[in-house]
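Peer 1: So that we are looking at the same thing, I have put the structure below in structure tokens.
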């Protein structure tokens with residue numbers, strides 16, 4: 001064919017294409033398809049579904065062949081046969097899918113929260129009294145959209161067809177009441193239960209320009225969802241249907257899927273209660289009814305305060321719970337509830353706030369389990385067991401036996417001895433050994449906890465005993481504070497960060513040793529004499545005027561001091577905190593000490609250099625000025641914190657502990673692969689300080705004060721080692737945050753910060769936790785700095801990790817952090833993982849104590865920056881547009 005063929009529909013209903021230069025004889029046509037599809041009473045040969053809509057669109061502008069006698073004859077015969085087979089059902093019914101592949105393409109996946117659902121092709125029911133352009137327009141629109149369409153000519157057949165197929169969309173002709181009442185049809189369909197999730201559309205006559213548009217309220221009252229102004233254009237009908245599918249139908253589909261969730265709740269063994277934000281009960285499941293003795297109808301719509309309360313709870317418990325959940329935080333704990341019978345039962349309750357309309361808390365979901373071992377709970381538990389296994393005693397006994405066998409560590413001694421032939425000897429040995437254990441005078445706290453749990457298990461219901469078994473398994477592990485990487489392990493950036501920062505790496509038995517590039521026994525003779533204050537250049541002095549601000553730019557200080565920012569910033573900060581006066585040393589000695597320490601930082605490191613030390617010192621000084629921190633610590637603690645920040649990474653080689661252990665370095669051997677670098681930093685700092693009187697800042701303080709100060713410094717530097725990161729954070733939360741939160745919410749507390757900090761000062765252990773948390777936050781505060789500083793630090797630490805990966809590959813060592821390959825690494829992803837896994841929780845806890853709104857705002861902004869880059873698959877530090885600028 002020389003020209004593009006034109007597509008036509010013959011009066012016989014066969015689609016063919018004709019070349020403009022050829023005859024239009026049907027014998028010379030090219031058939032588009034080998035398959036057969038029924039379209040509104042026509043048998044159309046086609047296997048190119050995409051070609052149909054264009055033909056249909058063309059026909060909508062021309063008189064369709066539907067008016068031809070042959071099509072009318074087929075429709076009438078088809079309608080008659082349909083009525084003869086199924087009385088009052090759909091008079092004409094056709095599926096407009098062109099092939100099985102088209103059917104599959106119409107199946108879509110929809111996400112509803114964590115549920116992934118499969119949505120099958122939409123079904124549409126057209127209810128028209130007679131065929132016209134409008135009914136044809138919707139029919140062909142369904143075909144174009146890939147919907148399954150049925151058409152009914154009478155109210156009876158419409159209702160019967162809907163009850164059979166449960167269509168998602170129903171289009172009812174509301175233009176003329178001569179043939180049937182559209183609103184009556186809508187009401188009859190709405191009276192059927194399946195219509196709850198159906199969208200009903202009313203086709204209304206077009207109004208003239210000078211005629212006022214009628215109200216939709218009568219239609220809504222009749223049960224319609226939308227109105228469609230008469231328009232026979234296939235495209236207009238198609239647009240309307242597609243909008244309904246992606247709007248109301250998709251929403252109704254998600255709501256219908258909730259039936260599965262409610263079914264799960266109905267069969268759940270835990271009691272579930274859902275209330276609105278005003279604590280009015282909206283839902284309870286059957287387990288809740290059984291536990292509390294109420295019927296659902298007695299509870300729904302009632303406020304929780306209307307139900308009887310147990311008098312066994314603490315007076316302020318409900319207020320504490322409300323304060324917690326109103327802030328959007330989950331609460332869980334033990335609570336006494338009163339059953340309908342008046343008995344009090346002890347429950348383990350978990351209340352989770354749920355965000356709803358307007359982004360506000362709209363629901364509270366409570367999960368409740370029987371908790372304690374009192375008589376009421378045992379009776380209730382027993383009754384549940386009897387109900388569950390009624391009529392099948394053998395099954396009940398079997399289940400009971402299986403449950404008892406699971407309680408390995410809590411089995412009664414008597415039950416064991418009664419089943420054994422040598423019971424007396426076994427019982428004697430058991431009691432003898434147990435007596436020796438209980439007579440021990442030295443007992444660790446964790447042993448006391450395990451013993452208490454073991455004793456509680458003996459009289460507990462099976463479910464509680466099994467739960468306590470799991471608790472004991474957890475308590476007997478050594479890593480109580482380190483989270484499991486089960487859910488985090490899928491992210492290689494997180495896995496590599498954890499592997500590189502929180503472990504000692506893989507052990508490699510080889511002759512490879514990592515040797516420091518610097519001699520650790522440095523002489524001080526090459527150092528210049530300390531500067532006097534008058535020698536500080538004006539540009540440096542001007543920069544230091546802003547050092548009390550969190551937005552202080554340490555990189556500018558690095559530039560103007562020729563990479564010696566620690567001496568100048570140290571002099572300013574130490575003077576502000578009166579360090580020389582506390583140590584009873586001269587300013588000359590202090591300057592000499594700062595110069596020695598800075599000289600032993602490696603300027604060749606991109607990250608772990610004296611600029612990082614100056615940054616950590618600045619953050620520490622900033623934290624020490626916060627009211628709660630200042631009120632909780634003594635002057636000795638402040639001095640110790642500033643010195644620890646200054647020395648915390650001295651002589652850092654720019655490699656991680658894992659690298660040193662894998663390389664078999666001298667330091668790893670010296671410190672037994674445990675906190676290698678942190679131990680080295682403190683040891684070297686004290687060696688450098690005490691070996692020369694000119695820089696010995698401790699030479700004039702008494703022995704006891706020196707010992708106390710030294711211990712505090714060592715403890716803080718060792719706290720920067722990441723293997724115990726979660727231990728430090730969790731201890732801080734449990735010992736500092738939670739008690740203070742309880743005091744603040746207590747009605748008997750006046751909420752004074754002075755009282756809180758005074759109580760902390762009475763417990764040295766709490767002061768230690770604060771100092772550890774402070775230096776830890778100062779050490780990794782980069783994500784909380786202004787964006788430009790954050791970006792610079794991210795680039796520097798990434799470069800240092802890249803260099804380590806390069807060296808590991810050169811030496812044939814295990815690659816500790818494979819994602820930090822300079823050719824493939826996504827820096828935004830690495831920053832997101834670091835913030836998610838290490839930073840967020842720690843700074844939330846520190847902010848709750850120290851109140852740091854500026855830092856938290858920077859953290860949120862910076863996280864958004866990294867997420868934007870990651871979403872754009874950008875692996876660099878900035879957007880391309882920013883790089884160009």
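Every residue, even glycine, has its Cβ placed from backbone N, Cα and C.
Note that TrEMBL annotation is computational and uncurated.
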Peer 1: Can you dig out which of the ranges 55-105, 106-156 TrEMBL describes as region 'Disordered'?
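Peer 2: Of 55-105, 106-156, TrEMBL gives region 'Disordered' for 55-105.
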Peer 1: For the record in TrEMBL, which of the ranges 222-273, 274-325, 326-377, 378-429 is the region 'Disordered' one?
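Peer 2: Per TrEMBL, the stretch marked region 'Disordered' is 378-429.
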Peer 1: For the domain 'PAS' (264-307), report the average pLDDT of the model, please.
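Peer 2: Across the domain 'PAS' (264-307), the average pLDDT comes out at 90.
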Peer 1: With an 8 Å cut-off on Cβ-Cβ distance and a minimum sequence separation of at least 6, pull the same-chain contacts of residue 831 (AMP binding site), or say none.
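Peer 2: When sequence neighbours closer than 6 are ignored, residue 831 (AMP binding site) has 783, 794, 862, 866 within Cβ distance under 8 Å.
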Peer 1: Would you pick out, from the recorded positions 608, 612, 648, the residue whose Cβ has the largest number of other Cβ atoms within 10 Å?
Peer 2: 648
Peer 1: If the AMP binders are 608, 609, 610, 611, 612, 649, 779, 831 per the record, what's the largest distance between their Cα atoms, in Å?
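Peer 2: Answer in Å: the longest Cα-Cα distance is 22.
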Peer 1: In the domain 'PAS' (264-307), how many residues does DSSP put in helix, strand and coil?
Peer 2: 18 helix, 12 strand, 14 coil
Peer 1: Quick check on the binding-site residues: of 649, 779, whose CB has the lowest count of neighbouring CB atoms inside 10 Å?
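Peer 2: Result for the binding-site residues 649, 779: minimum number of other Cβ atoms within 10 Å at 779.
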Peer 1: Around residue 610 (AMP binding site), how many other CB atoms lie within 10 A of its CB?
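Peer 2: Residue 610 (AMP binding site) is surrounded by 29 other Cβ atoms within 10 Å.
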Peer 1: What is the set of residues, excluding 612, 648, 649, 779, whose C-beta falls within 8 angstroms of the centroid of the C-beta atoms at the Zn(2+) 1 site?
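Peer 2: Result: 608, 613, 616, 645, 652, 720.
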Peer 1: Could you check the binding-site residues 609, 611 and say which one's CB has the fewest neighbouring CB atoms inside 10 Å?
Peer 2: 609
